[in-house]
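Student: Submitted below is the structure of interest, expressed as structure tokens.
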Amino acid sequence: MLFLVLLWCLEGKRSLYSYSGLSLGSIVFPSKKSPNMSASLSLCRRAHTVTVLFILTCVLVYVTLLEETPQDTTFNTKRGIVASILVFLCFGVTQAKDGPFTRPHPAYWRFWLCVTVVYELFLIFILFQTVHDGRQFMKFIDPKLGVPLPERDYGGNCLVYDPGNKTDPFHNLWDKMDGFVPAHFLGWYIKTLMIRDWWMCMIISVMFEFLEYSLEHQLPNFSECWWDHWIMDVLLCNSLGIYCGMKTLGWLSMKPYQWQGLWSIPTYKGKIKRIAFQFTPYSWVNFEWKPASNLRRWLAVLGIIFMFLLAELNTFYLKFVLWMPPEHYLVLLRLVFFVNVGGVAMREIYDFMDDPKFHKKLGQQAWLVAAITVTEFLIVVKYDPNTIMLPIPFFVTQCWFLGIFLILSWTLWRYVLNTMCGLWTAHKTYATGNVLNTMQRNTKCVE
């Protein structure tokens, strides 16, 4: 509750003005803000940049003049780094530019924008270290890190019913029912809310299982049973998550966006409902990717799918090269981070792709997420090039070459050959029209 009040106070006057009630294409705008909503604005809705600066200065003065500095270099280094990050977050939350999202509060998304910058700087720092120093640096975060850990092999005995085990013949199935099962469902539910397209979600889901098949010779973690790949992951967890996500998107697209000030609502039930709806979007945009409409959108969708798959692979490869166990809290924090920044990045990418005349540059969060994905992959390449360069089995290479060849062939046929044929047809039509006009003029001259 205190955190929400802080976000409310930091908002200021950034989102006091709303659109008039209308609908433009796939964008659903809320109705015009009522006078009661303006009257309900309190002190917490004003900008408090000076207040935050004053509080921050008081804290620094206290630490400098009244607190004795411990004679512990490691402790002081950690505290200095944390203090520097907190000062930057205070600046960003009050001064950074707002993104496309305003709920539950613009300050919330400004906070995650600043966290994105901090995470990218951390990755750059790790990238510029030696492999040994980078892994040992993780001990400053958690002393338990910095030691090699064996990966769990999900393959092995793939019998769903094991007649040799009289106690529990289905033990292989129960062994796979770990924390990753609900994680798969929840992950794809959230990804569907980000992408807002059933076909793209299913393509990414199936493609990642093919990647696991292709790279199981590099990471033992990718070695899973066939029914774990296609039944538990794709058909059950992923598909159910995508289905629930699409149902949620349908509800959000049909929901009326008419906002009313909290203090102008007479009943307590209405106030509670209004507080709950504060965590829903302020307005709604249906993503219509239309990848086959033109070459620009087709390449953009291919790039989005590629970056999604690369970010998924980075999850496994990063913890492998930095020696982090799958259950470590840093792995979970990274997933929470991408949950909060991924939706903003996808909205900015869609706006940039759908209306380049209005959105002339890629959004700040999308730019940072792309940079983070590439930086994570470069860390993987630097820290364990031997694993990355392990030769891919020949039949796997043939399958990928065939897939790439089919995509390139379809792209050339759809956007190059069809365009050339269209231009040639238009040229012939124009030339034929000129010949007919010339013949008609010559006939009139003879007459």
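The backbone N, Cα and C atoms fix where each Cβ goes, glycine too.
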Student: Labelled transmembrane segment by TrEMBL, one stretch among 78-96, 173-191. Can you tell me which?
Tutor: 78-96
Student: Would you kindly check 47-66, 108-128, 227-246 and say which stretch has the most C-beta pairs under 8 angstroms to the transmembrane segment (329-350)?
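Tutor: Against the transmembrane segment (329-350), the leading stretch is 108-128.
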Student: Can the transmembrane segment (198-215) be said to touch the transmembrane segment (47-66) if we require at least 3 CB pairs below 8 Å and skip pairs under 6 apart in sequence?
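Tutor: The transmembrane segment (47-66) and the transmembrane segment (198-215): touching, no.
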